[in-house]
């Protein structure tokens, strides 16, 4: 084990990284309420793992989407557990995110010099809600279909460009295969990629500036 460690140490100086992480100052006022951000991240990682597992069996077509979900729940080994964990962690992620936002706001974590940290956090909150909106429709059952129809119809109220926005979201004038394809692509590719980018920025700024002090 020592030779293995020494090999990496000689090339990457990993001990410096470990020392930097372990030596980071943690303010004495930090308590359990400061864990909500980390719990949100944990839920996100569960989402990534379980979501990735389901992509092997889910079929993003209007004809097969619902039956593929049934197949996951009834035929795939531990499929019911994987999908249930995905749903439960999604709800928990939203709850932890809300509590995290309240904690940051009440302790003044958005104030100078942490404005950019707050902005990236707000963007991550929007992305989290977007995950919920797109994922809710993927089973393509009655609830998912009508939720998709209502959500994509909201921009219609925007003056001038409303109809164009709706058509872009739906992939046409009505809700159908193009809409499901767009939601699936957003849910599994675009939103996760953006989330990882803004999470890295969020954590790097926290690492640089540290945790905000007490009120």
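The backbone N, Cα and C atoms fix where each Cβ goes, glycine too.
Pulled from Swiss-Prot:
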TRANSMEM  32-52  transmembrane segment
BINDING   35  heme c binding site
BINDING   86, 187  heme b 2 binding site
TRANSMEM  90-110  transmembrane segment
BINDING   100, 202  heme b 1 binding site
TRANSMEM  116-136  transmembrane segment
TRANSMEM  186-206  transmembrane segment
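Sequence-distant neighbours of the transmembrane segment (186-206) (same chain, 6+ residues past either end, Cβ-Cβ under 8 Å): 41, 44, 48, 51, 55, 114, 116-117, 120-121, 123-124, 127-128, 130-131, 134-135, 138. Spatially, by CA atoms, the binding-site residues 35, 100, 202 include one closest to residue 187 (heme b 2 binding site), and that is 202. In this structure, the CA atom of residue 100 (heme b 1 binding site) is 8 Å away from the CA atom of residue 35 (heme c binding site). Taking Cβ pairs closer than 8 Å, the transmembrane segment (116-136) reaches residues 47, 90, 93-94, 97, 100-101, 104, 109-110, 143-144, 147-148, 151, 183-184, 186-187, 191, 194-195, 198-199, 201-202, 205-206, 209 in its own chain, all 6 or more past its ends. On a Cα basis, residue 202 (heme b 1 binding site) lies 24 Å away from residue 86 (heme b 2 binding site). Taking the Cα atom of each, the residue listed as 'heme c binding site' and residue 202 (heme b 1 binding site) are about 15 angstrom apart. Applying an 8 A CB threshold to same-chain residues 6+ apart, the list for residue 202 (heme b 1 binding site) reads 117, 120, 121, 124.
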